[in-house]
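Per TrEMBL, the features are:
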{"type": "REGION", "residues": "1-53", "note": "region 'Disordered'"}
{"type": "COMPBIAS", "residues": "1-27", "note": "compositional bias 'Basic and acidic residues'"}
{"type": "COMPBIAS", "residues": "29-44", "note": "compositional bias 'Low complexity'"}
{"type": "DOMAIN", "residues": "230-518", "note": "domain 'SAM-dependent MTase RsmB/NOP-type'"}
{"type": "BINDING", "residues": "Cys323, Ala324, Gly325, Pro326, Gly327, Gly328, Lys329, Glu348, Asp376, Asp394", "note": "S-adenosyl-L-methionine binding site"}
{"type": "ACT_SITE", "residues": "Cys447", "note": "active site, nucleophile"}
Amino acid sequence: MRKEGGYREDRRGRPRVADERRDERGRQRGAARAQGRVQRSAQAPSQRARGADPARAVAFDVLRAVDEGDSYANLVLPPLLRERGIRGRDAGFATELAYGTLRLRGRYDAVVEQAAGRDVGKIDPPVLDLLRLGTHQLLGMRVPAHAAVSQTVGLARERVGTGASQFVNAVLRAVARDELATWLERVGDAADPSGEDPVVRLAATQSHPQWVVRALREALVGDGRAAADVEALLDADNAAPLVALVARPGLVDPVDLLAAAGDEARPGAVSPVAVVPGGGDPAAFEAVRTGRAGVQDEGSQLVALALAAAPLEGPDERWLDLCAGPGGKAALLAALAAQRGARLVANEVQPHRARLVEQALRAVPADAVEDVRTGDGRTVGDDEPAAYDRVMVDAPCTGLGALRRRPESRWRRTPADLVGLAALQRELLGSALRAVRPGGVVAYVTCSPHLAETRLVVGDAIKVAAKAGLAVEQVDARTVARGVAAGPLDLVGDRVDLQLWPHVHGTDAMHLTLLRRLG
Ligand SMILES: C[S@@+](CC[C@H](N)C(=O)[O-])C[C@H]1O[C@@H](n2cnc3c(N)ncnc32)[C@H](O)[C@@H]1O
């Protein structure tokens, strides 16, 4: 698995290669240094004078902000890195340390509990965050044990005081005594001593809440896949996703974007307009800065391409993105609309997200964008009945299909969130079915595979529409998606909706149902 900062792990999160020639960040050292022929401190001179390693300090501050401020790690980290002048490989190290620790928090808490012989609830939160950071360096990254322990203890001394740093030292030394595989056995045995409940064991070892593991397993089975595949799915959730770029059609050629993205870049495997750069900051690409390209998961690209490719009779002139913020799919749809002489209306309920949509659309020819509006999508069907030829409903959802991308979200979501979201999803889809003209097509999309947010919502919305005299048929989304995909799509069973999976397709677990209004 690829980790931020170029670290690689196997499917169980173990370092792929046991390599002695690594420095305090787990980076490969030159042969001379590895043989001890060059005298060099593990820290840069500036760090020696200032104390704690800046990359570890920044990761700690992100964890504290997530814990205390309910912040999102991917919003907190980039400005902190900029403010503190942390760049390049150091930024990669800090990112993997912060995000990896947050993803694997559940696993590490179970390890710490055993190593400390103490309930993690009884450990002061900042001390616990230091223990999680140290444990991730020891068990999830290729940082040599002495550096992981001493650097984390140094940070502890600076941030929580000498007494607590001694506790951190003792616990991390205990963690360092055994390998990840041994710890996973222990954590699994403690969670499920009778060996009867694989979900409980997996939840503990693979660092997901139990309800999420159950929901993902049900969604896999519902999609025709084996329940046992859930382990590979959880593994994929625990690894950093590769960044994908979208070459917005008509604005930049994917071939040119590929050439600009460097020698290690490759074309997308799922979306024909995707480019996967070898690394680096995507914002550095000129096409991204100007809005001709954007950062977008390949699954998100595919579902937008599929809506545009769904067969349609009659006019194909007005398209609607009902829940458009921050604008990734709207920008792709508008670029496609421009090529066909169609126009897009982008609707978003939150004003600041509507402004992000405007930003995302900045490179699209003006005559392809009819309007960017701030409004409640639930009323559009009544305000503008039968007014659109194609409608995208990229519904607000739990995001259980994008857990690898949002490191802390698995710990924040609860089953109670589903109730409100599923009701909103039904209303938005109902509104879309009224807003589309007879013969027109609606795409219902979620970045969650949860059956309560996908199949159940669609089934109910079709029934409610029928009661209101509005007939709807399902379009074969798999055939449409296969027709536009960059390569063969591994799909099983004979369903007509499309469910992508991180462990199968390398995308977020996007769901797509295509519906045609008949009358
Ligand atoms: C999954 S996101 C959409 C992502 C977007 N399509 C993209 O590709 O960038 C769902 C969006 O729906 C918006 N939303 C939530 N409730 C809404 C409502 N009642 N009407 C319209 N938009 C709504 C949220 O603010 C959020 O921006």
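Placed from the backbone N, Cα and C atoms, the Cβ positions cover glycine too.
In TrEMBL, annotation is done automatically, which means it is predicted and not curated.
The structure displayed is predicted, hence computed values, not measured ones.
All protein chains shown were included, and the count of other CB atoms within 10 Å of the CB of Asp376 (S-adenosyl-L-methionine binding site) stands at 14. Calculated from their C-alpha atoms, the gap between the residue listed as 'active site, nucleophile' and Asp376 (S-adenosyl-L-methionine binding site) amounts to 20 Å. In this structure, Lys329 (S-adenosyl-L-methionine binding site) is part of a helix by DSSP. If you average pLDDT over the domain 'SAM-dependent MTase RsmB/NOP-type' (230-518) in this model, you get 97. The C-beta environment of Cys323 (S-adenosyl-L-methionine binding site), restricted to residues of the same chain at least 6 apart in sequence and closer than 8 Å, consists of Asn347, Glu348, Val349, Gly377, Met392, Val393, Asp394, Ala395, Pro396, Leu428. Counting every protein chain shown, the Cβ of Gly327 (S-adenosyl-L-methionine binding site) has 26 other Cβ atoms within 10 Å. The maximum pairwise C-alpha distance among Cys323, Ala324, Gly325, Pro326, Gly327, Gly328, Lys329, Glu348, Asp376, Asp394, the residues recorded as binding S-adenosyl-L-methionine, is 19 Å.
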